[in-house]
Structures are given as C-alpha cells and as structure tokens.
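*Asks:* Annotation comment: TrEMBL describes Gln110, Phe111, Ile112, Asp164 as (6R)-10-formyltetrahydrofolate binding site. The active site, proton donor annotation in TrEMBL covers His128, Cys728. Residues annotated as site 'Essential for catalytic activity' in TrEMBL: Asp164. The domain 'Carrier' annotation in TrEMBL covers 339-416. Annotation comment: TrEMBL describes 592-594, 618-621, 651-656, 671-672, Lys770, 817-819 as NADP(+) binding site. Feature annotation from TrEMBL assigns active site, proton acceptor to Glu694. The active site annotation in TrEMBL covers Glu694.
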Amino acid sequence: MLWTASQVLRKFSTSSHYYQNKLKLAIIGQSLFGQEVYSNLRKQGHKVVGVFTVPDKDGKADPLAVAAEKDGTPVFKFPRWRVKGKPIPEVVDAYKSVGAELNVMPFCSQFIPMNVIDNPKHGSIIYHPSILPLHRGASAINWTLIQGDKKAGFSVFWADDGLDTGPILLQRECAVEPNDTVDTLYNRFLFPEGIKAMVESVQLIADGKAPRIPQTEEGASYEGIQKKSNAKVNLAQPAEAIHNWIRGHDKVPGAWTVINGQSVTLYGSSMLGGSAAAGQPLEIEGASQPGIVTKNGLVLYGTDGKALVVKNLQFEDGKMIPASKYFSSGESSSVELTDDEKKMAEEIRNTWKGILSNVSAIENTTDFFKSGAASMDVVRLVEEVKQKCAGVQLQNEDVYMATTFQDFIQMFVRRLRGEDQEEELLIDYATKDVNNMTVKMPYQCFINGGFEDAENSKTYDTINPTDGSVICKVSYASVGDVDRAVAAAKEAYENGPWGRMNPRDRGSLLYKLADLMEEHQEELATIESIDSGAVYTLALKTHVGMSIQTFRYFAGWCDKIQGKTIPINQARPNRNLTFTKKEPLGVCAIVIPWNYPLMMLAWKSAACLAAGNTLVLKPAQVTPLTALKFAELSVKAGIPKGVINILPGSGGMVGQRLSDHPDIRKLGFTGSTPIGKQIMKSCAVSNLKKVSLELGGKSPLIIFSDCDMDKAVRMGMSSVYFNKGENCIAAGRLFVEESIHDEYISRVVSEPKQQHYHCLGVIQCMWLIKGELHSVNWVHPFLCFSVHQRVVCVYSFFCIPTVFTDVEDHMFIAKEESFGPVMVVSKFKNGDVDGVLQRANDTEYGLASGVFTRDINKAMYVSERLEAGTVFVNTYNKTDVASPFGGFKQSGFGKDLGEWRPYYSILLLKAVTS
C-alpha cells in the first residue's frame, strides 16, 4: 500500500512521464540500488549535482560511482564524514559546494552529519527497508524474517537527528512468502518498488505535495546488526522459528550450528511442505532430534515435529558445499572436458576477467571472492553465464559453493551434463479417483527398498467390498520372493547402516515416517476404506490415527532400551561386575489380519524397528494396499534398503514359508487360534524361533445392576459393534444382572437402527462381497446355528446388528467367536458375583474383558479375577499405545504396545483400564 498525506494509492511509472517541477539533487549512498535510483531520477529530468559514495575497494568503484562518472556527474568518495563524532570541515565544504536542494539517500552505510542532512532547502530523505517504526536499524530486512513477520515493506522518511525516527513520506508493503529469503524479498519487492518509490518521493517534494507524518512509538522496535557470534541458531524451538532465524541471517552474517565439533553455517532454508527424500541421519548439537542428509539438502526438525530443509553448508575454512553432499564432500573426481566444453570454459574465463578487472589473469586457482568480488558480482556472473550457455541452471549459491575458477568450471560442466541427478524410487501405481482425491497405490512386492513383480509374475485381484469391483491387481508373492526378502532383511541387519545406526538416529527416521503417515493420512484412510470396508471416518481416526501414534511412541523408545547392572557375590579379593544388554533379534516376520490392516502393521512393526530389527511383513491377502503404501512412505522417510519388506500373497504359501525359514529369528502373528497353533509348531520345528501370538477371543463383559445404565448401554453396544464387530477384543458375551436384564435389552434393541451408518453399513457388503473369505463362512453359520438351537433372536435383519438373549453356557454362540455384529446376552442372578466370574472365565480364550459397576470394591475384585490380558472398567475398547496389549490362554502370548513390547517380556502382564 502507498501511504501519502491523502492516503491515496498512486500508480507510478519511471518511463517518459513529464514533470513540470524539477530539483537539484545530491545522491548520498552506494550499491546497485543507489545506482538505479540515480539513473531513474536523471531520466525524470531532475539534475544530480553531486554523488557522494564510498571509496573504491580493491581497485573497483561502487556501481553508483561507475554510473555517475560515466555521465560526467561530480563524484566524491569520502572514506568518512566525521571524526570522533564531529563533522570534517573539508568534507562538509565539498558537499556544500554542489548547491543541492534535496539530499536523496537510497542506501548509505556512512554516518552523515546533521549540518549536511539539514543543509538543503528541502532537507534529506532516506529509504529504509521496513514498515517504520518497526525494525529501525541497519538489519531491517533480516529482522523482518527472523521475527516471522507476515508483512514486509519499506519507508521513505525525512531524516532527523534520531535513528530512523523521522517523519514518514510514504510507505509500501507486501506479503512475506513462507520461504522468502533476504534475497527473494529484496529482489521481488524491496529493490524494484523501492526505486520507483524513491523517484516518486522526490517528485512529491518537487510538487510541494510530500507529507511529513510523525512516527508513532507504538510498535516501534530497534535491532542492531547481528554479529557472527550472536547468530548461532537455537534448534530447540519449532521448525518455523528455526527456518526464520536461518533465512533472516542468510549470507550475512550466516546462522550457524555445531556439527561434529565444527561450526557450520546454514544457508538456503525452506519449510518442508511435503515428504523428504531418503537420507542419512546426522547428529547436530542442540537439536531435538537428528537431522537427515537427503538429496534435497539437510532436513532439520523442530520441537513441534515439523521440518525444514537447508540447501548449503559452509565450514570454518570458508568452503561451501551442497548440504546433500555432506557425507560425500571431497569424493568427486575431476571431469574431463570435451572440446566444446573447453570453449565454454574460456568464454566463462573472459566473464570472470570482466568482473574481476583488478586481477591481471584468471588462473585455475583464482578465487572469486578473494579477488574482491561482492554479492552484486555474483548476480552478474550467474546471469552472464546463463546468457552465454542457454539451458544451464545456475543459482547465486552455486558461486559460493565453487569459489575458485577450476571448481566453478567443474560445477558448471556437471550441471550442464545433468550429472547432479540422483536415482529416484520407481513406482508403478494403480490410481483411483475416490473420496474427492486421486489415490496412488503401489501394488507390487516391496523387497530391498524397491517395488517389483512377484518372481513368477503372478497376480490376484483385490476387491472393494462396498461394490464388489476390482481395485487393482496385486502381486502374488511366491516362496522365492520370501527367500529374497529374508535375504535382503538379513543383509540390512548384518551389514547395512540400520544395524550400525545410533538408536537416536533410528528414532529420528521413525519420527519422520510417522510425520509422512500424518501428511498422507487422508489418502491412507481412503485406501484402507476401499480395501477393507472400514467406514472412512473410523479409518481416519483409528486405523490411521493410532498407527501414527504408535510409530511416534516407539520412535521415542529407540534410545531408552536399557539393560541392568546386577550385584553378584564376590570371591575376595576380586570385585566382579555383571550387566545385561537388550539387543535386537535380527530378522523378524510379521503376519497381520484384515480387520485393521494398517494399525496391526504399526502395532507390530514399530516396536520391531525401534529395537533395531529388520522385518518381512505379510499383509492379509484381501487387504494389502495400505501396507504397500506404507512401504513407499518408508523409503521417503529414509529407512535404509532391506529394513522393511512387504509381501502380499496367501498365508498358506508366504506365511508358511516365513514360519519355516531358518534365518528368521522371531515371528509375530495376529489371527485365529488354529492358525496360531500351526505357526507355533512350524517355528519350533524349523529353528526354534521366538513367537508372539494374538489369537481369538470370547471377551466377557459383566454388567451389574448398580451400573450407570446410559453408559452401560452405549459402551456395551460399542463393545460389540465397533468396527462392524470385526474386532479381536469385541465383547463376545454380555452377562447382565437379572434385575436390570429386561430394561437393558429393551434399551439395546431401540438403538441398532441409529447405529446403522457408523457401525454396520459396510458389514452387509462385507458379508456379500468378501463373504467366502471371512464373513459367510463364519458369521452366517454362527447365526444359523444359533437360531437352530432355538435361542430367542430379538432383532435380526441380514447383517444389521443382531442381539441374542437367553443364551445358555453350553450353546455354540456362548463359546465361539462371531467376529461380526452379533450381541450374545446371558443373565446372571442378583448378587452372584463369584458365580458370574466362574461363567465368564469358563472359556479357553483370555484376550479382553470388562465390568460395569459404580462400586469400586466390586470393580477391583472382579478385575483381579477375570482371566484376560485386558480388563476394562466402566469403559471398553480403550486401547492406547502406552498400554500393553495381549492375551492369556488360547488367545495367545506376548504383548503389543507399551514398554514391554520391545523387550519380549515373558511375564503374564494384565492391563486394567478404567
């Protein structure tokens, strides 16, 4: 916005517009900006009677002086205007001799005496690159960025005896873009618009229309010039604050940090809006987590988990390199130039000679900056080289990274040849327009960091259960694919960077993986929904949401897996010490079910990876797509090749081979009890590999008469119908105290139609479409068998919620898991606590259980006696990443989640959640 006395926005052009009133001007300042202001004022007919600028440096005149001398304008090059705070009489006299009516100060690094400022008829005007009174001082642009201002701008003000405190003549402003730097902000707005504004300001004065608006002290700030010693970046703050500090110090003086005991200056910061490329962790002093050196630069993380990327690094010896080359700096060999490239090199040598006019000859060892070049010379060099060699991509920072002529030519030739390109992950996606987005789904086996067809090129169809359509064809892994995946995982564990990696660095990669999952959560939830039949909102919140939480939780455990020091008896005079270490097992296999495809992957693989293992995972044959999308994100997160391998296919082939494979040291499985027994047998016979099993359940929920009835009805229904009843801890049997039984059933029966959309809409499709795989073969016979036994079926319509009452203990539905939206209700006698406990425990399963009562003593008594890995008190389905999860008896053994998971505890661990 242009701010004049009448608050009117005026359009201004520096072209051939005729002004009636002209002034005699003294230009006091320097730089290319001063040169442009000088030239445009002369074009508009004003007479420049004198230019006062800085002395030549290394034999080179300032651009303002060059332009003025060429025009025959008197030029004065005073090294200073004052000595010990007092004006130098000879200098002041020389200034007064030109007879200026107005001093124009576009950019001036010298202190000008007040008797010079006030001498002309109209005084002096100064350009300042901030919206005064904000950011007074010499580093205004820097502090605009450092403090994260949303708006930048400049002021033209009347000079007074204060520091940037004079009355305002005009101001303009612009938005600060998220990745603006000092250079981009200056080049885009402050430089071109500032030139126009200075010229317009002079004309306003000439026309007698220039305002003098006093500055307010409200919102005023002053920041001095930053010194290198004060420019160290604080990495223990949010990513945006780190980014602002780096970009605000870009070039001068340069924000720095400490890496491997050496001060390293960071240049070219930008917020990381998408996924980071794969990379290598780098420990940085004071950072909340290690950075990652990627092909795009050095990724830094803030305390908020967000990230930024730094393009260039400069070391203490002045050498600057691309941050992406941190681990390979100094390794590149010289390239041999072709005849055409040699000709180009000579043309570029002439360009260097034209810029470095004070250097007699440009040798291969000539240093651009040590020869006197400044930032404006960098711009000139880049633009002239681009004009000579159309098509080559050069930026200003390339010059800072290749300061000698030889290095510059080597960089230029490599850039010309396109040798800076790095290998990208190749993915052949299946795409689908759904849920107002285009989802991109990998469909091949993921082995050793890449997607590839199955060994025999065999595929199968994965089906959308909502309409029976084919989503895509998916690779059908073979035994040979399993062997290759295990070999890759073994190599990655024994010889790859994963096994040697610092645990904290490993955690950093898992944090990054969680961040990527969060960035892609809508896409993951959409894929989960179309592939498994999950309701989208539930997939987003639970299937995907808890998966992200799981990876973040175990990322934090990476550097906290500790052993113990054990006191032992001493055989005098010896003093002995014993300590234990917890070490990763090696290659682990994971076989997961179809009801929570991504969440089951996360529950088992996050802990496995946190402990330093590598893995081969088989998703359920009918729901492979989110696992394969996860594999893609793992590459983007920088997980090394071979650490994660995903094999879609059949349990009978892939699962069995994983159970039998001699190089696998542990297998984790979630599924049915019969299959779990077969896996355990195969693991024992093959190589006695460790096993953790999360198997079937028939979880009892006991509802006492003193419960909160509203809550018991609501949570009781959720315990059965959550996720369409496809829930391993679903309440397989409700025991309701006799005195409230009929009221409870009546309340439940009135609810199912209201629950149709959230819990049940897709189960109907699951039954129809994927029925032969898991619904018709189980839920349907379950209902038929139940009705055949003359149980009262209170409410049933296809696979909309079904409620059975008067269920007796010997009946089929009282003993077997339904894995569908089927509520099984039995009553128990009033006050018979021990009797109902005996009935609840009369099962071979022991995964979960629950109790509803207002009596805390009763709740504790019951929870202590229920034989299940999890006991819910006045709640249900409340799982958390910090709480261990697993069963007793034929529901399996071993725990997912919580601190016990990485240690493979042998204790019977019960979680009580209330």
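Going from the start of the chain as shown, residues are counted 1 onward.
Every residue, even glycine, has its Cβ placed from backbone N, Cα and C.
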*Asks:* Looking only at the domain 'Carrier' (339-416), how are its residues distributed among DSSP helix, strand and coil?
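*Replies:* Counting residues by DSSP class gives 49 helix, 2 strand, 27 coil.
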*Asks:* For the recorded positions Asp164, Glu694, which Cβ has the most other Cβ atoms within 10 Å, all shown protein chains included?
*Replies:* Glu694
*Asks:* Cα of Glu694 (active site, proton acceptor) to Cα of Cys728 (active site, proton donor): how many Å, rounded?
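*Replies:* That separation, Cα to Cα, works out to 9 Å.
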*Asks:* Apart from Gln110, Phe111, Ile112, Asp164, which residues in this chain have a Cβ no more than 8 Å from the mean position of the Cβ atoms of those residues at the (6R)-10-formyltetrahydrofolate site?
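*Replies:* For the (6R)-10-formyltetrahydrofolate site, the extra neighbours are Met105, Cys108, Ser109.
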*Asks:* Which one of the binding-site residues (Gln110, Gln621, Gln656) has its C-beta surrounded by the most other C-beta atoms within 10 angstroms?
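*Replies:* When each Cβ's neighbours within 10 Å are tallied, Gln621 tops the list.
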*Asks:* On the 0 to 100 pLDDT scale, where does the domain 'Carrier' (339-416) sit on average?
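*Replies:* Mean model confidence (pLDDT) across the domain 'Carrier' (339-416) is 84.
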*Asks:* Counting only residues 6+ away in sequence within the same chain, which have a CB under 8 Å from the CB of Lys618 (NADP(+) binding site)?
*Replies:* Ala477, Ala589, Ile590, Val591, Ile592, Ile646, Leu647, Pro648, Gly649, Gly651, Val654, Gly655, Leu658
*Asks:* I'd like to confirm something. Which of the recorded positions, Phe111, His128, Asp164, has a Cα closest to the Cα of Gln656 (NADP(+) binding site)?
*Replies:* His128
*Asks:* Run through Gln621, Met653, Cys728, Phe819 for me and report the recorded positions whose CA is within 10 Å of the CA of Asp164 ((6R)-10-formyltetrahydrofolate binding site), in sequence order.
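*Replies:* Candidates kept after distance check: none.
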*Asks:* Listed (6R)-10-formyltetrahydrofolate-binding residues Gln110, Phe111, Ile112, Asp164 - what's their greatest C-alpha to C-alpha distance in Å?
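*Replies:* Among the residues the record ties to (6R)-10-formyltetrahydrofolate, max Cα distance equals 14 Å.
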*Asks:* Would you count the other CB atoms within 10 A of the CB of Cys728 (active site, proton donor), including those on all shown protein chains?
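*Replies:* Total other Cβ atoms inside 10 Å, all chains included: 24.
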*Asks:* By Cβ count within 10 Å, point out the most packed of the binding-site residues listed: Ile112, Ile592, Met653.
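*Replies:* For the binding-site residues Ile112, Ile592, Met653, the Cβ with the most other Cβ atoms within 10 Å is Ile592.
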*Asks:* With the cut-off set at 10 Å between Cβ atoms, which of these binding-site residues ends up with the most neighbours? Options: Phe111, Phe819.
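*Replies:* The residue with the most neighbouring Cβ atoms within 10 Å is Phe819.
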*Asks:* Taking the Cβ of His128 (active site, proton donor) as the centre, how many other Cβ atoms fall within a 10 Å radius?
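*Replies:* Its Cβ has 23 other Cβ atoms within 10 Å.
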